[in-house]
């Protein structure tokens, strides 16, 4: 049986159902990332599990015990908050010691545990400071130390890296799994950052409209998104969602152009659909290519080591493409330099249909895929 | 050049405003060291032989007038002021702080109406309620008791405490309270160890303001008590005697009665300003 199991949980505020009939399970020691845009109900879900908010319906079962109506202080749950929620009138030491104080732990043991946690998170040198004297990174480490020191059976992390700078965020992203795995802690981690979700989660649960629209491994979510909204949330620049229509037996009409439909997809698409093509699956060429969509290059911006291009097809459809910075586009005749990004210019975009996602036009749901024939399966 | 002129103008204006407000106070202080003869001299003169007679009369309680000696127990009035104000503030804090927390944190049916009703006590002219109140007090044997007056003083101090402190509690992050609960502490411990310390500036400001308001109250004690329980504000009336008005003693009495609130206000100015402005915005 799962360690935490949430059963048909619902919570409404003034008839607005924030959490709707939500069920899921987390195994002991698992790292589950709850991912969703702001306003999707992530924080409410955590508060329901923490016991700050009581559900209208449904149950929360932790370690075999029904804790749905238990007070927060009786749940054995640790939590770290996006805004740190440190006690401003207590030193970092007292902040970390707070979960131990509530148990009336002996002085010497308490002292050892607090210093142990502070050491682990490398804040032992600022332990006598008040929160206002700490940097944001140190504040978050203090908050994490406080959440960890009592060795709770369940850890809730509410977007804890949101308010720290990029360097600390990266460090913590590497450090957190190591810290948590060592203790075999069961974690629910909430974030709005898809990269964080992909980097940290054993599984990712995508929250939308009060329910999980997909739960799966990071690879599954990225490679087989359950609907077009999820596909759009994972990836930067976001996936291109292009309206497509069946055009004859073997062709799709996309951006007023005909694109060959792979044979194995011929049963997937009946009449029209939404074609999801990730920017990295759009190849840009300055020479005409068979089956490519003629486009104007509207804008080019660097993104880390990649180059992102905004392309505009002749009928106005916008398409993002990205390619490694180092990769040169074949220079056209009389132009030795690749010259992308200097004003508008003509190009041809080839959409990699083999790797594309097919979604239903009306609901955005992923269209059923035919099983791969054995000889094509890798 | 013009900026220098502006600056000079600004200083002149500030001095004028300062004089306008402080001169009466200064004159009262001067009066308290004058005899009635000096005070009534026309035109008034700031040059006189200072005397401590007024203060001595107040402290000893013997007031000698042209028509004989009068016993005045002004020091007792001063003590009454202290008792009434301190008790009122303490009761208001004990009742008002938890109530303010409830109004800030929980949405319950009729909550806003209740909070507003409490505030509306401040709108009604006291005279309107005083006569019926006097009837009640006499029936209930509350007339002329500290208990009765402290009770009525809640009309002044409780709304103040409630509305100022409520704003501060609303500013205390719920996440901080939740974090403390999750640490394993009960709600009562959370209230005392987290909510109250974080709202302390507001509680201090509300306490001080209510103290000053209670101290300055005149009408309630005038009607609902005798000289046994009356504070300085009412006690000063005794200097209007059959044989004339003892301006010197009135001035000395005023100076004595202002000292406690003045000292409080000076040492806690920061809290007062904060509490007043924040309470006004949030309330």
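Cβ atoms here come from the backbone N, Cα and C positions, even for glycine.
TrEMBL assigns the feature transmembrane segment to residues B:146-165, out of the candidate ranges B:46-65, B:146-165. Across B:82-103, B:115-134, B:146-165, B:203-227, B:247-267, the stretch most heavily in contact with the transmembrane segment (B:12-34), judged by Cβ pairs under 8 Å, is B:247-267.
Residues 103, 143, 152, 155-156, 158-160, 162-163, 166, 219-220, 223-224, 283 of the same chain lie 6+ residues outside the transmembrane segment (B:115-134) yet bring a C-beta within less than 8 angstroms of a C-beta in it. Where the transmembrane segment (B:203-227) meets the stretches B:82-103, B:146-165, B:247-267, the count of C-beta pairs under 8 angstroms peaks at B:146-165. In summary, the transmembrane segment (B:146-165) does not lie against the transmembrane segment (B:247-267): fewer than three C-beta pairs, each 6 or more positions apart in sequence, are under 8 Å.
For the transmembrane segment (B:82-103), the list of distant contacts is 111, 114-115, 146, 149-150, 153-154, 156-158, 160-166, 168-169, 191, 195-196, 199, 203, 206-207, 210-211, 214-215, 221, 229, 231, 260: same-chain residues at least six beyond its ends, Cβ to Cβ under 8 Å.
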